[in-house]
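Participant: Just lifted these from TrEMBL, have a look:
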type	residues	note
TRANSMEM	12-39	transmembrane segment
TRANSMEM	46-65	transmembrane segment
TRANSMEM	77-97	transmembrane segment
TRANSMEM	104-123	transmembrane segment
TRANSMEM	135-159	transmembrane segment
TRANSMEM	171-191	transmembrane segment
TRANSMEM	197-218	transmembrane segment
TRANSMEM	225-246	transmembrane segment
């Protein structure tokens, strides 16, 4: 599918990507969720989801060296196994469903995950290989359909006893691997073309600018306040998306 965006859509997308990059620089998550729930209000999801995979790969690649040693590989491998199986299913849904239905699914996914984050939910059950593989499959469907597969994994791992440095490193490696899987699945369905590559390349600069600004704001602003603001923004945008999709 060719990317036929108007100048105002280019401007809006750049602004959305920069703000989402700022959020990622501040608190380390929320980039894809903010972009997908905002940008799909004025763009078709098939133009947004593969682009996010490319941008997330760029954002995560620079952190590989620092994350490799601290990664919980026994947690990561089952997650990736489930994700590898289920991501093509999510991408297939993205391709075959009507754009308005995909927008509705995206908004509902983000709203549910945001409510889980807001509630401070704590997982009390098993976290063995089977549980992680099933979680990976759910994440793969979310990732393929809406590029928000990282949120359920982040919610789950945050609710366990995993040490914060290990948690962060494992999430970085998970995001990188799952976005490579998503990009390959998208290419297999013909969603990656020259126009999409150009769109992604243009958006790298506003994303990196946002991350740079956000990393400096992180030193000055309370993290918990930032997290609450982001979760509130995700809820508001997802509710708006649901209302527009149902109109």
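Cβ coordinates are placed from backbone N, Cα and C, and glycine is handled just like the others.
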Participant: Taking 3+ C-beta pairs under 8 angstroms (sequence gap of 6 or more) as contact, is the transmembrane segment (46-65) in contact with the transmembrane segment (225-246)?
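Facilitator: Checked: the transmembrane segment (46-65) vs the transmembrane segment (225-246), no contact.
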Participant: Which residues, given as numbers and ranges, are at least 6 beyond the ends of the transmembrane segment (104-123) yet have a Cβ under 8 Å from it?
Facilitator: 33, 36-37, 40, 45, 93, 97, 142, 145-146, 148, 151-152, 155-156, 159-160, 227-228, 231, 234-235, 237-242, 245-246
Participant: Report, as numbers and ranges, which residues of the same chain sit near the transmembrane segment (135-159): CB under 8 Å and 6 or more residues beyond its ends.
Facilitator: 29, 32-33, 35-36, 45, 48-49, 52-53, 56, 75, 78-94, 102, 105-106, 109-110, 113, 116-117, 121-123, 167, 170-171, 174-175, 178-179, 181-182, 185
